[in-house]
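Q: Per TrEMBL, the features are:
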type	residues	note
DOMAIN	B:17-215	domain 'ABC transmembrane type-1'
TRANSMEM	B:20-41	transmembrane segment
TRANSMEM	B:53-74	transmembrane segment
TRANSMEM	B:94-111	transmembrane segment
TRANSMEM	B:161-184	transmembrane segment
TRANSMEM	B:196-222	transmembrane segment
Amino acid sequence: MPEPTNKGTTMKFVKTVGLALLGSALAFGGAAAQEKTIKIATEGAYAPWNFTGAGGKLEGFEIDLANDLCARMKVKCEIVAQDWDGIIPALTAKKYDAIMAGMSITDERKKTIDFAGPYAAGPNGFLVPKSSPLAKMPGTGEAYNLGTQQAAAEKAIDAVKAVVKGKTIGVQGSTIHANFADKYLKGTAEIREYKTTEAHDLDLAAGRIDAVLADATSIIGTLEKPEFKDYVLVGPSITGGLLGAGVGVGLRKEDQDLKKAFNEAIAAAVKDGTVSKLAVKWFKVDISPKS
Amino acid sequence: MDFAFMRDTFFTLIGGVPLTLNLAFTSVALGAVLAMLLALMRMSGVRALDWPAQAYVFVFRGTPLLVQIFLIYYGLGQFRPTLQAWGLWTFFREPYWCAVFALTLNTAAYASEIIRGGLQAVPYNQVEAARACGMSGFLLFRRIIFPIAVRQALPAYGSEIILMVKATSLASVITMMEVTGLAAKLISQTFRAVEVFVVAGLIYLILNFIITRIIMAIEWWLSPHLRRPPSVEPRLEAAHV
């Protein structure tokens, strides 16, 4: 992509200096940086993280953040939508260079890809109808880390299991929530896997399933829709362990330069409050990672 | 290609075969009944019967099965109070029945045209000959028209059955864990799309290979007149006469 002529040499100078300040071992030099386009994939169906807006354009927390990070990295970014269940195989197949799609950093995924970040923490919860007995789920408002407070977290999970016994729970396939449901809730409750969170929300509204297990921020997004005014977010927020270490940028393992660039840009964006500001804009709560 | 992984994948995906076959054969069987009805409506010569059947075939052949599944599953889910009032919700609540319903409606549209083609291709002189022998009505249909029609429709109908086995893969979008559903789940756990889909494709190939053999056997059994007559050894003593 050629540099727009009106920006001129000053811009070029700033770019070169900017790159030098990054102190990066980026494979591309100042001149090449103008040519470099990074393709970032998002799901486009995970409001308010990333979704397709009324005009058919991609919008959301991650779209804003991606644009900010790209500006910091002085690269041109193209954001594309990709179905969630093929998002990692397509990254390794080089259809794009990075994933920003509310993807939690897990050991399982780290076997295949690498992550920069995290750029957000990922609280979890259950979405249930207010009238359902599940609305009185124990542990609501509490937070446990499976990695660091395993005993307490497992006690909280047992309390949840006692309530969801015999119920049907919807999760999005290929997510940390699906893995969690497989490991802890299978056999106690019936687990159904959906392609998108929108699909399990529809089935919850239709009464085909009793609860949805998902990311709390995504549930908050759902609760804003008028159809879900009689629904409520309940249950403990369990993180860590197989639920991952926050949300990060998925990258190919060999792209260590890009990882470094992203890490530096994320650190800068967290530090100057950009991530907090964007989180409050989209989620109403600050879920920026605590450094 | 990691062959140990592919072998494990094969045994995981085999677990979805019963559901795949269940969906395919339940909907083909129910669809055949509906198709027969539709074909007879089309050929009745009564406009009030012919036109609805034509409209049905037009709609279900003209729209993608995936769209039909989405409409039946998620679309009807929006009308839950109405369906509950009619007592139909217990049926539409289950993804299995929604999948069978969509597949049945779809295959009925295609199969009705295949059956109609078969019935119309019955040579009129055969019918006349049967009438000359005193057959009419249901007896004529059962003894003459139907057997000839089936023989003519079977090759096309065999393709339809194979298409249905493959169409069941779409049920995975409404949470049914058949072969494709299991494959998608496995990919999400291992991120190895190529191996898993190769194995899934292989399983469908094996299923359809068996089904095509069965259909060929039925074709052979139904058309003795097309087989080569068994060669008769000339009797030796005949030479002396």
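In case you wondered, yes, glycine gets a Cβ from its N, Cα and C as well.
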Q: Relative to the transmembrane segment (B:20-41), which of B:53-74, B:94-111, B:161-184, B:196-222 accounts for the most Cβ pairs at distances under 8 Å?
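A: Answer is B:94-111, with the largest number of Cβ pairs below 8 Å.
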Q: So which residues does the transmembrane segment (B:94-111) touch in its own chain, when a touch means Cβ under 8 Å and the partner is 6 or more beyond its ends?
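A: 23-24, 26-28, 30-32, 34-35, 38, 56-57, 59-61, 65, 68-69, 72-73, 76, 157, 160, 163-164, 167-168, 171, 174-176.
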Q: Please indicate, using numbers and ranges, the residues of the same chain that are 6 or more beyond the transmembrane segment (B:196-222) and have a C-beta under 8 Å from a C-beta there.
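A: Answer is 6, 9-10, 13-14, 17, 20-21, 147, 150-151, 154-155, 158, 161-162, 165-166, 169, 179-180, 183, 186-187, 190.
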